[in-house]
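J.: The feature NADP(+) binding site is assigned by Swiss-Prot to 48, 54. Residues annotated as FMN binding site in Swiss-Prot, with sequence analysis given as evidence: 125, 126, 127, 237, 238, 277, 292, 293, 294, 295, 296, 318.
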């Protein structure tokens with residue numbers, strides 16, 4: 001396959017390019033009978049929308065979603081759901097000099113070597129613009145999981161460049177443009193303003209969480225839940241690392257600490273991040289992703305053109321000084337898509353499993 005479809009039973013096919021007429025996706029496998037409207041999807045799209053603050057790209061796309069199929073009388077029918085988002089604010093002239101040059105850190109060179117042709121306008125198919133359909137599909141998955149299991153998804157930024165962001169409360173995340181769990185974001189605004197003025201960019205660390213998780217999701221050996229989570233999140237533009245639970249901090253832990261001990265009252269900790277043996281435990285899914293600095297910067301960089309000549313590249317156009325800012329709702333969506341797919345797979349195989357012991361409560365947050 002050509003890598004444009006994600007999922008097994010809840011399958012999402014993504015289509016479009018950054019500067020094409022439209023982008024979108026087709027969802028196949030959504031259970032019938034779920035109430036669904038464009039408003040259910042638009043809320044999450046508005047959270048990742050470009051032009052939403054002065055700290056992100058000023059490409060001003062409304063990202064208004066259109067449901068083309070799969071809905072009748074306000075409910076899913078069980079047939080493919082086609083979602084369309086029209087591109088309305090392309091500025092292709094900004095990329096007129098990019099057709100024969102390779103921007104360092106971008107997919108220009110690798111796409112050209114693979115296909116022998118590439119769309120230089122805004123990165124074409126490799127653009128983060130293509131995460132909008134992912135967020136739209138994730139909103140559908142989120143709604144079904146919330147109705148079926150009470151599962152909720154949330155994410156926040158925990159580091160901006162070299163600045164760690166302390167966790168204060170989840171309520172702060174929706175009240176600032178950084179999706180930061182703090183009340184005061186003045187220092188982060190100053191940091192981004194200085195980066196933009198210097199023609200530079202930075203990376204970010206994003207924490208992602210799913211609460212109200214059902215037990216038993218995951219298909220060993222090769223479709224483990226945590227393996228599929230890592231696979232999905234590594235598919236997000238600019239992600240260079242995924243941690244689940246304690247992640248790399250596990251190296252310095254002792255077994256007496258890392259093992260999530262259990263009592264009749266519940267788990268005492270969640271260093272595993274809600275997954276054991278590739279199967280969900282019912283504890284919260286806890287993970288973090290590392291996002292590299294934005295490759296599109298005003299500062300000149302050495303590169304070559306398609307003829308092999310040395311050139312200097314300075315990227316024009318409208319770009320995010322930190323793509324991690326808008327990655328938060330995208331990471332939520334990808335996690336929701338993985339959980340949704342595994343929930344349907346688990347229900348198909350193990351719906352009749354009955355045990356005498358109820359699920360063990362999760363450790364206190």
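Backbone N, Cα and C define each Cβ position, glycine as well.
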J.: Take the C-alpha atoms of residue 296 (FMN binding site) and residue 54 (NADP(+) binding site) and report the distance between them in angstrom, rounded.
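T.: Rounded to the nearest whole number, the Cα-Cα distance is 17 Å.
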J.: Hey, what's the Cβ neighbour count for residue 296 (FMN binding site) at 10 Å?
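T.: Total other Cβ atoms inside 10 Å, all chains included: 23.
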J.: Could you measure between residue 48 (NADP(+) binding site) and residue 125 (FMN binding site) for me? Cα positions, answer in whole angstrom.
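T.: About 18 Å separates the two Cα atoms.
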J.: Across all chains shown, how many C-beta atoms besides its own are within 10 angstroms of the C-beta of residue 127 (FMN binding site)?
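T.: Cβ-Cβ neighbours of residue 127 (FMN binding site) within 10 Å number 19.
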J.: Could you state the whole-number distance in Å separating the C-alpha atoms of residue 127 (FMN binding site) and residue 54 (NADP(+) binding site)?
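T.: Distance between the two Cα atoms comes out at 20 Å.
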J.: Fewest other C-beta atoms within 10 angstroms of its own C-beta: which of the binding-site residues 48, 54, 125, 292 fits that?
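T.: Checked 48, 54, 125, 292; of these binding-site residues, fewest Cβ neighbours within 10 Å: 54.
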J.: For residue 238 (FMN binding site), write down the residues of its own chain that are at least 6 apart in sequence and whose Cβ falls under 8 Å from its Cβ; none is a fine answer.
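T.: Set apart from residue 238 (FMN binding site) by at least 6 residues yet with Cβ under 8 Å, we have 128, 203, 291, 292, 294, 295, 323, 324, 327.
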J.: Taking the Cα atoms as reference points, how far is residue 125 (FMN binding site) from residue 54 (NADP(+) binding site) in Å?
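T.: The Cα atom of residue 125 (FMN binding site) is 25 Å away from the Cα atom of residue 54 (NADP(+) binding site).
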